[in-house]
Amino acid sequence: DTFMVEDAVEAIGFGKFQWKLSVITGLAWANAMEMMILSILAPQLHCEWRLPSWQVALLTSVVFVGMMSSSTLWGNISDQYGRKTGLKISVLWTLYYGILSGFAPIYSWILVLRGLVGFGIGGVPQSVTLYAEFLPMKARAKCILLIEVFWALGTVFEVLLAVMVMPTLGWRWLLILSALPLLLFAGLCFWLPESARYDVLSGNQEKALATLKRIATENGAPMPLGKLVVSRQEDRGKMRDLFTPHFRWTTLLLWFIWFSNAFSYYGLVLLTTELFQAGDVCSISSRRQEVKAKCSLTCEYLTEEDYTDLLWTTLSEFPGVLVTLWIIDRIGRKKTMALSFLVFSFCSLLLFLCVGRNVLTVLLFIARAFISGGFQASYVYTPEVYPTATRALGLGTCSGMARVGALITPFIAQVMLESSVYLTLLVYSGCCLLAALASCFLPIETKGRGLQESSHKEWGQEMVGRGSHSPGESQE
């Protein structure tokens, strides 16, 4: 005659409420526009304000510094004060400073404001935490991957917006209009409920029950009979909980996996331009020897062809989503991440060959599709593996490690490339090979399991929604 939040979520199932939640959390996830704009804004300001190359590079780095410094903080806020609270504050913060940066009068102002935008973006991944805690087990992986589509849509929309806005209105209007999805989220976020799992864990049983009844009403599904069981209250958002004997190895492996994802993903984005300009890997070294010294203030505005190239490379993320969507519930989360890293590593090694432009494009397309797919799989796995008390903090620290990878990768993809393109490719290939091994060594496979409520119970006791599956189905 009792039930837990997990049982209620499974009994209510997927319906109208989750569809609305998908769109609203997806709008927050479309903050990819704020990231994509970096590749468009940098060359424009380089020309308009006559910036030296190191100042142009700093425009990108400062955003990642902001994201890295805030990811753990937003995770802590979400575990201490609620998922909805953490997400709303981070989105409103990003929206405010994103619009404000469109009015920056000088370089130092835009540098500070874009850093503050990065600080806000560090909290947006908490939308995955909130979203995952309302999803039934069977739909969780597919739905989290589908809101990742909003990331790809955001990057595509940013390029199309730049094509329309930049020639006429300029970069200031592009910065302002790029905040549109976050503005829509701000207008709709009043509808968002707080996570029922969080409310139960924080002792607010009545509010959790009201939220579950609201979802059942919207979905037209019955609530489980009996009384909602309150999980044991525990301290929330404590870093030490990520390093208990049960989770220590998982945390360390996940940190390296997230680091490798961002390191390789953003590295490939930077390498793509260099490889396309050279024609193939074998031409890079000779081309660099022929390049004469140029004034650091020499600049070139982005052309229509440049925007087309940006659009094509971005579109590779859609097949990445589809492949991951197809295999993640078939072979499991760990094997999906491992496969993604292995394919990326293999494609990096094939680049050693002096292939033509067409084959080069195909290899880069496949590599980006799979590394973005691996990134998406880690977003599915991480909220599933941690209990409710540390779920947001676990995701936040992993996101912070990803930003470390993003910060380091320009020194490999651009600086090391100057001396040896083969060593550069070997670093990325080797890193992803190690990440594939790390994925295989993760001690817990979360495929077919529910979300864990309390860290005080052995992993697996609460994992299978009671009454919804037979015991035989719960064994992996």
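A Cβ is built for glycine as well, from the same backbone N, Cα and C atoms used for every other residue.
TrEMBL: automatically predicted annotations, no manual curation.
Lifted from TrEMBL, the feature list:
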type	residues	note
DOMAIN	20-447	domain 'Major facilitator superfamily (MFS) profile'
REGION	453-476	region 'Disordered'
TRANSMEM	21-42	transmembrane segment
TRANSMEM	54-77	transmembrane segment
TRANSMEM	89-110	transmembrane segment
TRANSMEM	116-132	transmembrane segment
TRANSMEM	144-165	transmembrane segment
TRANSMEM	171-192	transmembrane segment
TRANSMEM	246-266	transmembrane segment
TRANSMEM	310-329	transmembrane segment
TRANSMEM	359-381	transmembrane segment
TRANSMEM	425-444	transmembrane segment
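Only sequence-distant pairs (6 or more apart) were considered; of these, fewer than three Cβ pairs between the transmembrane segment (171-192) and the transmembrane segment (310-329) are under 8 A, so the stretches are not in contact. If you look at the transmembrane segment (116-132) against the transmembrane segment (310-329), you find fewer than three C-beta pairs under 8 angstroms, all six or more positions apart, and that falls short of contact. The listed stretches are 21-42, 144-165, 425-444; of these, 21-42 has the most Cβ pairs under 8 Å to the transmembrane segment (89-110). Most Cβ pairs under 8 Å to the transmembrane segment (21-42), among the stretches 54-77, 144-165, 310-329, 359-381, 425-444, belong to 144-165. A contact between the transmembrane segment (144-165) and the transmembrane segment (310-329) is present, since 3 or more of their C-beta pairs, 6 or more residues apart, lie under 8 Å.
Mean pLDDT of the predicted structure over the domain 'Major facilitator superfamily (MFS) profile' (20-447): 82.
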